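Some notes on the structure that comes next.
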Amino acid sequence: MKVSLAGQTVDVKKILNEIPKRTVTAALLEGGEIVAVEEADDEHAERKLVRRHDVEGKVVFVTARPCLYCARELAEAGVAGVVYLGRGRGLGPYYLARSGVEVVEVHPDEPLGYDPVDRLDVLLTFGGNPYLTEEDVAARVYCLLTGRGFDADIAPAPENLSGRVEIMVTRGDPDEAVELLKEELPVFRIRRFLISGEFDRDELRERILEDIEPRILDPFAVRARIARAGAFSSSREAEVFIGDVLTSVGREVNLNDPRTVVTVDVLGPRVSVGVEKR
């Protein structure tokens, strides 16, 4: 993907392959080439770039949507253009545009789709952060994975499931991708889907007994969170199915005990099962 602004042509994929992916990164561009890079730590990457480098008349590439405060500093420093990963303007990009700075938003999935990817290898969940949208996180994940040699289809979860990003690794080892995401994005909850592909109740039963049952502590509860109609007709049906499987191996299911929760996510014909201790 290439975009043009402020007299420069920016090759988005090329830039992503050349910058660090540990956290939010801001790159200063001249003639479409990187001349300086700063990473976020105790302060935002864009502010570090402005403070340490001459950005006047140049283009800045950011791997997240700039906040309002960074946007003000970028505009005051005289940047000519800003390219950022994400979807939706927000206050930062809106301020830049009002200040006469060319702004281009890019996303790995243009146009962005809200349907889950065909096969869900990884589910990333986050919450409680008012400054991050599902699209922002999807863009960061794309930046990180492609920069390390993976190819992946990434989509924010449907609108009724906020704080979730779904990932299908199309090139590279999904297990390695998961470990990379856990290492580089420790603030997010990242897990492999135990079930991928077509729904199969016999296979689901085997996975429950193999992966879920040994990790459960008595007494425990069983819960089901239904994301989309399909495999089960209701959350209660999913609860009963999981409960029956566990009861068949000697686990008494107490649906009212909140201390340990077995979560069932039903996405179309795909089902994943995970354990959450509380």
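For all residues, glycine too, the Cβ spot is worked out from N, Cα and C.
Swiss-Prot lists CYS67, CYS70 as binding Zn(2+), and of HIS44, HIS53 the one it places in that same site is HIS44. Ranking the binding-site residues CYS67, CYS70 by C-beta neighbours within 10 Å puts CYS70 at the top. In terms of DSSP secondary structure, the domain 'CMP/dCMP-type deaminase' (1-102) contains 32 helix, 31 strand, 39 coil. For the recorded positions listed here (HIS44, GLU46), the lowest count of other CB atoms within 10 A around the CB belongs to HIS44. Annotated Zn(2+) site HIS44, CYS67, CYS70; additional same-chain residues within 8 Å of its Cβ mean position, judged by their own Cβ, are ALA45, GLU46, ARG47, PRO66, LEU68, TYR69, ALA71, GLU73, GLY92.
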